Number of protein chains: 2
Amino acid sequence: MSAYSELSAHFTRTAALGNGIGILQWDSDTMMPKGAAETRAESLALLRVLHHGMVTDPRIGDWLAGASGEDLGPWEQANVREIERQYTVQTALPADLVDAASRASSKCEMAWRKARAEADFPALLPYLEEVLRLQREMGQAKGEKLGLSTYDALLNDYEPGGRSARIDALFDDLAQFLPAFTEQVLEVQSRRPATPPLSGPFAVEAQRALGVEMMRTVGFDFDRGRLDVSTHPFCGGADNDVRITTRYDEANFSKALMGVLHETGHALYEQGRPRDYIFQPVGQARSMSVHESQSLLMEMQACRSREFLTFAAPRMRAAFNGAGPAWEAEALWRSYTRVERGFIRVDADEVTYPAHVILRYRLEKALIGDEMKLSDLPGAWAEGMKTLLGVVPPDDRLGCLQDIHWPSGGWGYFPTYTLGAMTAAQLFDAACKADPSILPGIARGDFAPLLAWLRTNVHSQGSLLETDALLTRATGRPLDASVFKAHLVRRYGGEMEQHQAA
Amino acid sequence: MSAYSELSAHFTRTAALGNGIGILQWDSDTMMPKGAAETRAESLALLRVLHHGMVTDPRIGDWLAGASGEDLGPWEQANVREIERQYTVQTALPADLVDAASRASSKCEMAWRKARAEADFPALLPYLEEVLRLQREMGQAKGEKLGLSTYDALLNDYEPGGRSARIDALFDDLAQFLPAFTEQVLEVQSRRPATPPLSGPFAVEAQRALGVEMMRTVGFDFDRGRLDVSTHPFCGGADNDVRITTRYDEANFSKALMGVLHETGHALYEQGRPRDYIFQPVGQARSMSVHESQSLLMEMQACRSREFLTFAAPRMRAAFNGAGPAWEAEALWRSYTRVERGFIRVDADEVTYPAHVILRYRLEKALIGDEMKLSDLPGAWAEGMKTLLGVVPPDDRLGCLQDIHWPSGGWGYFPTYTLGAMTAAQLFDAACKADPSILPGIARGDFAPLLAWLRTNVHSQGSLLETDALLTRATGRPLDASVFKAHLVRRYGGEMEQHQAA
């Protein structure tokens, strides 16, 4: 067997283990009775140790050395590159550091649940200090191996090839644009007639049926996936078995519906990864920003469009026996594109969401870089909110205690949300230009042209190309903020109102 | 660490892996989309190889040797005994033989599905010959290590300590009794007024709700278990996470209801295993016959009793808006204790079921012992059916092709069904004598007295005692056929009719 074949076989086995873990994790979040939690934690911990042993197997180093002398095709070369990247990261950290960081995060997560409920940042502070210290240490260890700054080394886990210098420029551009633009959007909205509310209750079974219908409409393959319920919606599962979740609110069907479409965007990416390399690192999704671009492309770009809501409105009415002006496509569109300044990131709309992310990105970079003390976080948070969003949270529960990311050790993750939003806009724009039948298709519930473009240009590419190269191939240029801004201006800037008034 | 502590820690880890496998297997049978089958098979195969590596870890031999010199309590001693028993069996077989047998069974199972559908035994014959040859070889290898005959070595996998000489005596006793008794039962039944049928359809949701209500009634702990749907009902899952399944027929709710009560009997055993040893071999269920005794005790002894049906009848009527004479407790009891001669084991009633099992037991023992040619199976089957049941199947689909056990490599399993039925009768009889409040409790839907007796005498014992010792401790004597026969005579022999006539 060639060294490459050994590598490939090893990662196929590793994927088999990872797929088992994926389903067990899904089960923990959807099906598991609560009395099984400890027993399950033991199973998952054991399997994760075994998985870690496989991805750090010292033979990988030998096989990589051997494969470098072999004559390989482009996919195989890219697979070697991805394996080497992961192996370098996975073996950069001493086991006791990984263990200490994992324990500190578990403790901090527990402290965070209490501290958030009580809006008590000082109670969290010592735990979070410890998490931050260990994250910094891990970032330094990885950074040394990879030749990256500490923050970039952390970012690299979620966004391979991502660099903060680049993100600074993109986010500064947006940060300059957003405050005044948000003002303008709110002004435009204030001139509109009030939208009557949709009145429920909306039966869970009907919500589920509508969600499934819409998943089928956009192209979800139920032969290789499922829709279930969990407290926190996610897209998980395994290769060829992509499982998304949602939660239903009988008072508001739109949350679950838009949530399902968001997760379906993730799922379509997973279901569209290259079949021949599905178990290999090169066959995985490119990065978190590209993943988020697929969910946001589906939810924000495609399904909050007037075209989609024209198609969906009669189906919503049929699902819930809806009647009256609130159920008209235009009213639904207004409700689905409503902008509001708020304190909470996960409740934010498309226009204000980036401000939440930019704030967190700037703060976590300063904290990791030791340019700011953690005890100063609440003050810095309030100041940043004021500048970027024009509102100041009344307490830390609605401020710096709202997200689980930092307590749980997810430092370097936040920027991928807004990179994803920008990527989504750039991809959707390129798709609609490349195939003018995409938007008219969506208006008829025909997502085949859009899905075909995504399959060709994103999904089937796996990790063959680096993120910039992928985006350049698909859209003609690397990521910049202009298309996203243009999208926001077009959708929210009042052009339609001006047009109608003219 | 002492050798015993090492053993115990090793088996706790092994259980964590086994529990993961259990949930993934459950998922395959209940939740998995069909397009994930191959991917899942890879995951399960990998995890089973890892599990096999753990239970055959050569360090176990060293730890066992070390533990034999340590001062251990009775549970620890029994744990060492159980570990040694399993280790001897698991290491008795060369890996290539296990692999060959597994492949032959997979192929034979596929051939069997086709052969059964086409009632074509000759098409199955070469595959089944290969399975039989390898099973015999495995039985010989294990038998040499254990000092057992080939058949007893196979039986030992399901029924540790079980011996065919003993089963021969028990089954010969039953086989002498059953043909004439079945005749008598049919005669008694023929004199009864016709029972009107329950007319459906019975909505699946109502069936499920009734099943859940009855599971709660008998004592199932939903904090550590679930009820779901699968093609073939089973009790599976993991430690602290016992998952049973059923399937619903809208034309007949009784099948699912009695199936659920049967699986709940298995589940109560699993949920009642000793908490302190739940991950250890000594904390596992004693044997397949004891396991089947728990399902049959619940389904046959407790829940097909007049007492239970007195309690259940109004709940059934409420669940399905039932009204009329068919829904009276006595009519339901008659329908739930109806005896019929049939060709199919899984459809058989309590009286005729043992005949199906005795036939299979005698045939598989002769085949493993090379006292009969496999090509003679259809003829021997017909002859045995005639003698034991008085009917002859019109073709092999309704005859020797009906069960998956032999094609899939499950030789030595069949007798545990009827051993279980006999054990159930003996345990239930002892329980009711020990606590006279059990039957009156059942009539009120209060299963607490019965469950308390089972917890104390069976469930919490795990594998502390050998099967005979367990039964002797619980009932005063080892297994014999008399209590089971007495139960059949009392329930089916027409005493009630004689009593009413007098």
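Glycine residues also receive a Cβ, built from the backbone N, Cα and C atoms like all the rest.
Caution: TrEMBL annotation is automatic and unverified by curators.
The Zn(2+) binding site feature in TrEMBL is assigned to A:His262, A:His266, A:Glu292. A:Glu292 (Zn(2+) binding site) carries a helical DSSP state (H, G or I). Around A:Glu292 (Zn(2+) binding site), taking its Cβ as the centre, 24 other Cβ atoms fall within 10 Å, counting all chains.
What TrEMBL records for A:Glu263 is active site, proton donor/acceptor. Neighbour count (other Cβ atoms within 10 Å of the Cβ, all protein chains): 26 for A:Glu263 (active site, proton donor/acceptor). Secondary structure from DSSP puts A:Glu263 (active site, proton donor/acceptor) in a helix.
Report note: the Zn(2+) site is defined by A:His262, A:His266, A:Glu292, and the residues of the same chain whose CB lies within 8 Å of the CB centroid of those residues, excluding them, are A:Cys235, A:Glu263, A:Gly265, A:His291, A:Gln294, A:Ser295, A:Leu296, A:Met298, A:Glu299, A:Gly420. Taking CA atoms as the reference points, A:Glu292 (Zn(2+) binding site) and A:Glu263 (active site, proton donor/acceptor) are 9 Å apart. Those recorded positions from the list A:His262, A:Glu263, A:His266, A:Glu292 that have a Cβ under 8 Å from chain B Cβ atoms: none.
Within 10 Å of the C-beta of A:His266 (Zn(2+) binding site) we count 22 further C-beta atoms, all protein chains included.
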